[in-house]
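Asks: Structure provided below as structure tokens; questions to follow.
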Amino acid sequence: MRPKLSLIDEVEQLFSKKFEYQKPVKETWTLPLEQSLFSEFYQYESLQTLKEELNAVKSKLNNYGVQEWSSHTNRRDPSGEISWRLKNKTNAEFVTVAWCKLYECLHRYPLVKKPDLNSLHLCEAPGAFIAALNHYLHSIHTKNQIKWRWRGTTLNPYYEGNALNEMVTDDRLIYHTLDNWLFHEDLTGNLLDVNNIQHMTESCASEFPAGVQLITADGSIDCSAQPDCQEEIVMRLFCAEILSALSILGAGGNFLIKMFTLYEASSVCLLYMLNCSFQQVHLFKPATSKRGNSEVYVICLNYQPQTAGLPRLLDAMRLKLADPQNPLAMPLIAKSLIPKDFLLQHEIACRRFLQLQVQAIESSIYAYESKDRVYLNHLHQLRGYVTDMYYKRYKVRELPPEHYLVQGEQLNTSLGFTVPYYGGSFTEREIMRQGDILKQIYCLRRDLNQLEKCPSGNGCFTHRKQLGDRLTLEPLKATPVQTLQSSLFASEPVLLLRVRLLETFELDPLWQAAPKCLLYDAIGTQLKVINYAGQRECPYYELQQRFFKRLLTCLLELRPARLVFKQCALLSHFAVSLLRYLSDMVYDQAEFEQNPAEQTITLTGELQLEALKQLQQLLELQHTTLHSVVRLQLLHKNSWSRALLLYNNSVLLASYRRMLDEQSFPVEQEPVTLEIKETSIVC
């Protein structure tokens, strides 16, 4: 359907997606003081009807390819030019859509009252909220006025026990501001662990004696497999974010949290709790938030921590979160205790945002199916109007580079490059998931072929220790990694294919190439072969510790002149930090070689016995909780780490080829009827 509004009216509508809860004048809303909490399950029929209406519209998208549809909506997004102009014309630092959204929120609501500010940013990776706040502060205050101290927390991209599909691995800002990030005592950064919430509360109390004045929470969970249950899937995360914020925020402070649809009774209770605990609560969908999605930002102003009954509710939430199996679908507050006037306002807000979202989805479908040139021209003009309005309304201006968070680094540089890769529509993915094994293998082969188009770099790279360079052992502790689920030492799409192979065959590709370590003397005689083999049911941290302990023992006994890692995918900080120490302190040189037939890392030079003994002693003392043995910064963003990433990619792709070999699984090659779209992946 063609737009019913003029360009000017449509621009105004985009910048006016907001709602404010109005508290009663005579009878205030109160939290339960004695009544049972999490005691009854219920839903509101009127809100569930809205949910069904929205899901019916969203189901129309099931047959559109995910990349194809995303590309279409990106091209037609009215706010799509804003981030481009911010990056290329204004030279703003670390611009993403999240940057644009928070910048809107900061200008529309008094989230920051003065330049003397302590802020905490939950679920913050990759860090765009922090960059936007920095730009905002320097846009309205002088550098001398600003007294800003911040901390961020997120699932730790440097911890391999965190799943790829649950976290953001982009560490461009995190790497340069590592001291400002809280990953808690277990180093996971997992906010769903109540022990981590307690640790963060204590850390903030210690580091910010004047209190925290602003907390943001931009967390989400991948719901692509169940798009009709987004609200229920993220409920535990919302509870953890709210519990964290209300435990840490100082009196009079402000809180911003991203939520989605608000139809479930559990969401209603959380919104009611926030309304009772803050002086004002607003719902706001920024103009730069994609029109067709469900996200909405809850803006909570002027925190009142002395609210009667609040500590009791927080304790109850903490107790429920302590059970990792509890989805927190049960509403926090009994149905009879939610005031009708609050519920009426909440339903009005839900209806308004539903209407806007349905209208956006229907318009996108119309633009995709009809190719209406008049409408497409309207959208093109709209993008220009919206960008101009954003700059004018929020007084966007360029900052001098000395005001950036990170000096001398270009954080807006893209992480990856484009290769053909097909994700399929929701319907296709469901059919494939339930299909026979041969069809799944065919799709795995197709995706492997696309990944092999990634640039592989030079076949050989040599790292030599510079004269005077000396690494020191700086052990870092973490919860042991039970299962390797992620790594920054291989490209993300390559690792994702490992996950799919593991799910399909119940065999880990890491061990299919018979990885081993070979020890040679000065004249080339083989002294020892140490196999690096995985065992079913054995925790990953035990496998790698057993291997490296045995390796160090053999090095001390045999003192080889040459050490060769053959087809060994070194993906954890534990393994990589040991490799870096061995290559720089025990030997003199490391040579990375990758080709389709064989992948090796060769260490050579005069073995330094004292350095080797120090390393072995460290492993014996801190064997189970050891995350890494040298500074994290030495393992990333340099030529050595780049060579290791290309080597690991080669090892993994070679293992995938062996697993999907035609002789193992002969599959009739069906013609590819699905259009392959370009999507950016990191390699």
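Please read every residue number as a count from 1 along the shown chain.
Backbone N, Cα and C atoms are what each Cβ position is placed from, and that goes for glycine too.
Note that TrEMBL annotation is computational and uncurated.
Pasting the relevant annotations from TrEMBL:
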type: DOMAIN; residues: 93-305; note: domain 'Adrift-type SAM-dependent 2'-O-MTase'
type: BINDING; residues: GLY127, TRP148, ASP218; note: S-adenosyl-L-methionine binding site
type: ACT_SITE; residues: LYS258; note: active site, proton acceptor
Asks: Using the structure shown, find which entry in GLY127, TRP148, LYS258 (the recorded positions) has the sparsest Cβ neighbourhood within 10 Å.
Replies: TRP148
Asks: Near ASP218 (S-adenosyl-L-methionine binding site), which residues of its own chain have a C-beta under 8 A away, given they sit six or more steps off in sequence?
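Replies: ASP218 (S-adenosyl-L-methionine binding site) has long-range Cβ partners ALA98, LEU102, HIS121, LEU122, CYS123, GLU124, PHE129, LYS258.
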Asks: What is the pLDDT of the domain 'Adrift-type SAM-dependent 2'-O-MTase' (93-305) when averaged and given as a whole number?
Replies: 96
Asks: Greatest CA-CA distance (Å) over the residues GLY127, TRP148, ASP218 that the record ties to S-adenosyl-L-methionine?
Replies: 20
